[in-house]
Amino acid sequence: MSELLSTSGNRLLGLCDDASRAVASSIRDMIGTASGGQMVNMGADGTPTKVIDRAAENAVLDVLQSSGMGFLVLSEERGEVRIGENPDHFLHLDPLDGTFNAISGIPFYALSIYISGDDCRLGYIYDLARGQRFYAEAGRGAYAGSGERICVSRNEDFKNFSISAYTIRPNTGRITGIGNRVRRIRTLGSASLEMALVARGMLDAFVDLRGMMRVVDVAAGILIIEEAGGRVSDSDGNQLHMAGDMWQKRCLVGSNGLRHEDLLKLIDGGCD
């Protein structure tokens with residue numbers, strides 16, 4: 001329980017903690033295995049669902065079902081799932097962000113949950129390889145672990161920026177433009193977890209110009225970065241509004257906010 005969150009926020013945080021433990025247990029024996037990477041079907045988002053994805057999603061849904069609360073769940077694997085007779089919370093779920101890393105045994109993958117209701121909005125990202133949580137409630141700040149307040153970096157020196165970046169071939173020149181100006185670029189394989197690192201000040205920015213970011217990928221990360229004092233926008237600088245259309249894909253720039261406009265100028269619109 002966190003004294004810094006509202007009563008509703010604490011209740012939802014506890015639920016997310018239960019879900020993270022369930023997911024970690026459900027996928028533990030599949031990490032780094034070929035069997036975990038076998039395809040089950042095509043997910044609701046149009047990408048393949050693997051055995052390990054399905055196990056993680058089932059673990060979260062079981063926790064939600066047993067909570068006694070009502071949810072309208074938007075998941076990249078099954079699409080829309082209704083839990084309870086009168087859902088009063090909307091939940092964006094990416095049960096395993098970084099599937100390739102998980103099945104390859106690369107320890108960088110996460111559970112991402114965003115919950116919105118009449119009285120609370122909570123973002124939650126759980127580093128499944130390290131047992132580390134990041135969370136934020138709208139208007140109440142961003143936190144890690146057992147309640148450590150986190151904030152974005154205060155780095156204004158572009159040549160010392162460390163960023164995470166993704167692109168596709170038509171946009172490689174835009175990423176190159178950034179790479180020529182910043183200290184280093186990394187691509188780590190779990191967008192939500194990389195956004196959490198921006199919120200904690202370990203990365204100065206996260207840039208994704210693939211035009212493939214979906215609402216389930218970024219909703220929690222957006223809230224956590226913003227509550228940590230950073231800024232998130234599309235590649236044109238427009239604020240991102242998290243609607244319920246999980247198939248709406250977009251580009252995204254999240255940063256400490258201090259050189260955000262300069263990042264946008266360097267990528268020059270990003271998505272074609």
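Just so you know, glycine gets a Cβ as well, placed from its N, Cα and C.
Caution: TrEMBL annotation is automatic and unverified by curators.
In the record from TrEMBL, residues Asp94, Leu96, Asp97, Asp217 bind Mg(2+); the candidate from Glu76, Glu77, Glu137, Glu194 listed for the same site is Glu76. Ranked by Cβ neighbours within 10 A across all protein chains shown, the binding-site residues Asp94, Asp97, Asp217 are led by Asp94.
Neighbour counts of Cβ atoms within 10 Å were compared across the binding-site residues Glu76, Leu96; the minimum falls on Glu76. According to DSSP, Asp217 (Mg(2+) binding site) is assigned to a helical segment.
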